[in-house]
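Asker: The structure under discussion is supplied below as structure tokens; questions concerning it will follow.
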Amino acid sequence: MSEDSSALPWSINRDDYELQEVIGSGATAVVQAAYCAPKKERVAIKRINLEKCQTSMDELLKEIQAMSQCHHPNIVSYYTSFVVKDELWLVMKLLSGGSVLDIIKHIVAKGEHKSGVLDEPTIATILREVLEGLEYLHKNGQIHRDVKAGNILLGEDGSVQIADFGVSAFLATGGDITRNKVRKTFVGTPCWMAPEVMEQVRGYDFKADIWSFGITAIELATGAAPYHKYPPMKVLMLTLQNDPPSLETGVQDKEMLKKYGKSFRKMISLCLQKDPEKRPTAAELLRHKFFQKAKNKEFLQEKILQRAPTISERSKKVRRVPGSSGRLHKTEDGGWEWSDDEFDEESEEGRAAISQLRSPRVKDSLSSSELFAAAEPMGTLLQVPEQISAHLPQPAGQMPTQPAQVSLLPPAEPAKPAQAQSSGERSQETKIPISLVLRLRNSKKELNDIRFEFTPGRDTAEGVSQELISAGLVDGRDLVIVAANLQKIVEEPQSNRSVTFKLASGVEGSDIPDDGKLIGFAQLSIS
């Protein structure tokens, strides 16, 4: 008599899983549907590249252990995990309804969003279930860290579950749960990120999820997060410097928002308060008047799932291709290729498979870097001189006549013969470097001028800022604010030749912030 498959433990053997369509991809991983033969069940497998993270295996195991102990109807069930080559595979329950983001995209594509994407009862029903899941996580000392429509999944019965909890977000932070350290890169878009997470001054708590929840509420009504049109550094700057966003932020056609009432808007504003202590808890939000409009899962099944895209419609089939990388590759037509060790390229079978199945690959820069954790920013070729010539330091209370000079200009490169230059190299020459000077006080309260160049198209604001921090010239806590203001200048150098901004590192002791004397402030200018 054969053993009941449901009683079997989940396999940690890669060969027991038949990988199928790609159902999601992002900066940190690829999610594929798969069939587990021993269990006779379809699952979702999230494949995360371990080479790209800075997390020890001990820390990973602790986080996986926490995930395995989470049992709640509004949290996606975690089954098991194991390592395949340089990837961590997380095996989870497959929810065939897809994500709420899939639903949003489907509605927008059909042009059915002119009076708002989802109506209030639908939003209330989905978000009430999300809050139930968040309340459970928060009570158990967990922070989700990535609440958004793309991580809210729907079952075919109308059930709502939060996905992407735990290891994937943990990996994205390099295992630094409280973010007391400085992250080297931002993974993905910061559109849903709370201000206190961006600032990286202190650790953050579960109230960061409440901010993301408020942004998600806007996303469900308008179809996108408020600052979705802007590049990441601009989003950081707008979030930190502007008043909190509202339902209207970034929406051109205000007519689409008319049907949303006061209780919905009030609920959003409660979540989007810059002071995390003023935000309600998940339990408090569940008692908010807006959630009286919530219905049951049968309502979602009828209202949403019957007109939602099927799993095959929203997925990309994977073509099997001989090779040795053991990785997925995105092709120019938007499909995916899986390269593994199954075929010998020298064999007749291998050559036949290559000729039939191989598609044109996207450029090297778009292959694995698109699928897995964001790589370190491209170097900016900034060189820190071994000896820094500095003038006499000035006391904090006085404006110096000549601040200390720090040169970060790149060394001159030998000229190439004209005939040896390619058209690509010639086009790079048209990118004129912008010479900048960052004036701020060092740890001894002495005023320094840090001179450097930024080449559009080659450098990134975050990459340059990170180099300034690595060189010990800028406090690590000021990464975000320096990068955001650098981005502001290089985007519009004609109108933003000089900006003065408050530093996240603040002032020490009895010092009083002063933007004129640059105490607790910095000035970035085009020189």
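Keep in mind that glycine also has a Cβ here, set from the backbone N, Cα and C atoms.
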Asker: Can you tell me which of these residues Swiss-Prot lists as phosphoserine: Ser246, Ser325, Ser422?
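Answerer: Residue annotated phosphoserine in Swiss-Prot: Ser325.
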Asker: Out of Ser315, Ser339, Ser495, which residue gets the phosphoserine annotation in Swiss-Prot?
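Answerer: When Swiss-Prot is consulted, phosphoserine appears for Ser339.
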Asker: May I ask you to name which of Thr185, Thr401, Thr430, Thr460 Swiss-Prot has annotated as phosphothreonine?
Answerer: Thr185
Asker: Let me check the 10 A CB neighbour count of Asp146 (active site, proton acceptor). How many other CB atoms are there?
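Answerer: Excluding its own Cβ, Asp146 (active site, proton acceptor) sees 22 Cβ atoms within 10 Å.
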